[in-house]
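Marked as domain 'ABC transmembrane type-1' by TrEMBL: A:98-290. The region 'Disordered' feature in TrEMBL is assigned to A:1-26. Per TrEMBL, the feature transmembrane segment maps to A:37-57, A:97-121, A:133-157, A:169-189, A:210-233, A:269-290.
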């Protein structure tokens, strides 16, 4: 990114002289106190933000009666009762829901990585009739609210007999519907040297071999980013699952939590907190493992 | 190239279309055709159980007299217009502070980002429901200083604001984008301005903000589009009803109720199209107004 003020005044020896020594010292002191204030503010805001989560963690080890009437972060008589009771929960044990969700996530990752990388390779490296138009359409679909296709998609999937299966949750991912990832990969492939493709072509590789042997391995950072965000989005996806899945044994984690809330009402906060935390664990683990990738992904593309 | 006939070029395009095949099937099967279908449904009475019956503009006319529909618009606009600016200001302020060369920026950035990561989940919505319940955490904290808080979620006057707060709590994602943008601002420009005697505020207003404006714009467009489509928090916090007294009846929640509660698919499809128009309108307005305040350095140089 270039800047509006292209030419800063040349830093001759005379420039600093305009700032007297005293002021500079004072500035440095000011800087120190400013940093202290900044630090304090940052820590304070951070504490306020994290407090609810930590409180939830501590409450999950307390009997529900103690959750109310205690703002403390240290449980008085910690026990795992909430976890054991919550795990066996209403309906199936929680492990069933976790496995359901993880299966869907795994398929989603494979689907997104495959379909999006194929399309991205074509957009980034091949010339074809209608390329510009299709690329524009692809970008347009990124902004399109899902609701516009929701009703018709539902009626199509219903006619196919896919309601109450995982197909509506998974098949679209194999068809590149999360176009954000295509865009991400196109940008990445454009940064790869074309000479590699050409060298491979001279060595007798076809386009598919170039994709498979050259581009795909080099694309790995973008594929990892895609995989992480596919995982987090699909794991947290409540809306699609709410619409398509109702069989109690097939519920995904967000759906299971919701039925938990409905069936135990306000009375079992301890168990609900315990299970809420359990559902957060996979996302938090992914975050800890791939923090840099996630933050970079957000910073460069606005993926959440 | 130019001398080639169209059929010849089409034949050469075939390998590319093979790569694009999965995406093209998705584009037509799951996006374009459903869009056309849903536009058609929006002019029909369609309950899923019987074939759609054409009734022209009836669904759109119905919106004009549907009080709950109009109320959902008010709720959604209130939510968007309150939460997005608050979230943006917060994100920018924290990013600027974090950019002061503090140590452990990576750590703070991570702490601030975690709520964005979890914010849309059912688990957090459940937590919110407890925190702002009548005897929830917030009122317990208020109780320690002798204040008696209302039932934030059970009162129609405050319930929407708990959801606004939930969104503001997730300022981490735009903040990360701001932080990346702030890093791009060359230090020597700011230094030069300092040498010229510009104070902190002047430097921020006249250098940082203009240079950051494309990023502010990007965040704004993204956040507005996202906020209009918010669903899960309202659904969980209100138990799917949009209550109390429809105070959290988000547009998408009402759409869901119409489509999958009472199977008024035609009406829901019409609502979806109006939502698309609203979002497109906001985005277009952003772009038009953006021309006034978004500063693209490259563009100016090109002139």
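Including glycine, each Cβ sits where the backbone N, Cα and C put it.
Beyond its flanks by at least six residues, the transmembrane segment (A:269-290) meets 56-57, 59-60, 62-64, 67-68, 81-83, 85-87, 89, 94, 98, 101-102, 224, 228, 231-232, 235-236, 253-254, 256-257, 260-261 of its own chain at Cβ-Cβ distances under 8 Å. Within the same chain, residues 104, 107-108, 110-112, 114-121, 123-125, 138-139, 141-142, 162, 215, 219, 221-223, 225-226, 229-230, 233-234, 237, 240-241, 244-245, 297, 301, 303 sit at least 6 positions outside the transmembrane segment (A:169-189) and bring their C-beta atoms closer than 8 Å to a C-beta of that stretch. Sequence-distant contacts of the transmembrane segment (A:133-157) (same chain, six or more residues past either end, CB-CB distance under 8 Å): 119, 123, 163, 167-168, 177, 179-180, 182-183, 239, 243-244. Counting only same-chain residues 6+ beyond the ends of the transmembrane segment (A:97-121), those with a CB under 8 A from a CB of the stretch are 138, 166, 169-176, 178-179, 181-186, 188-189, 211, 215-216, 219, 223, 226-227, 230-231, 234-235, 250-253, 255-256, 278-279, 282.
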